[in-house]
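J.: Below is one structure. I have some questions about it.
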Amino acid sequence: VKSVNLSEGEHLSIRGINEDGLVVLANETLLVEGQVIRSPTNSLSVYFKTLQDGTIGTFQLHYQIFMLSCSFPRRPDNGEVNVMGLHAGGTAHFHCNMGYELEGARNLTCINASKPRWSDKEPVCTAPCGGRVQNATVGRVLSPNFPSNYSNNLFCAWTIDAPGGQKLHLHFEKFVLTEKDRLAVYSSGKILFDSAKTETVPFEGLISEGSCIRIEFSTDETKTAPGFNIRFE
């Protein structure tokens, strides 16, 4: 807006044009000198109405094209996003922190230069209820919904396989269960830990009997807790 000097009763409206019709971006009650107005798409409408009698007001608007862009994508909780451009053709790459799995598209592209948007909705990172890790070197096993409370009536089982001839070391970095919920760790047919039979948490760690460990986690229908964060290597 270079200048605006309207007479009483005159109307000046600047509108964006999109698929839903006209959207008022500014009008005579909001326009001030030096104001910058950006259209949401590649089209803009200026509406000016004067009275039949009286002095006609004046205004001067300067327009200039600019490249529309997608909004910055939301970083997933317990994950990261790397953005390689917000204009059409730009991409966003998502990944999760150790122990979480990505639900949704790993890569998004900014599409539609006239009304930019991402090619899909932003993904989320979740802690899965069970799974299998093969040729394991380092990773984490997390209770579902960690670090928030897990749910009721769960049964989750994780199998972790190290490369042949190697063993696994489990580190219990956090462990909070309710009295009736249970976590058990098995290796080569032996029980390495069973929370239902001991109140002592092995924060010093557990070492597998062989190259494979199985972790089972079950919850009842009553109270819940934050759960566990177990690192393996």
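Yeah, the Cβs are placed from backbone N, Cα and C, and that goes for glycine too.
Because TrEMBL annotations are produced automatically, they should be read as predictions rather than curated entries.
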J.: If you follow TrEMBL, the disulfide involving C156 connects it to which of the following: C125, C129?
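T.: Recorded disulfide partner of C156 in TrEMBL: C129.
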J.: Check each residue in the chain of C129 (disulfide bond) that is at least six apart in sequence and keep those whose C-beta is under 8 Å from its C-beta; list them in sequence order.
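T.: Correct list: P144, L154, C156.
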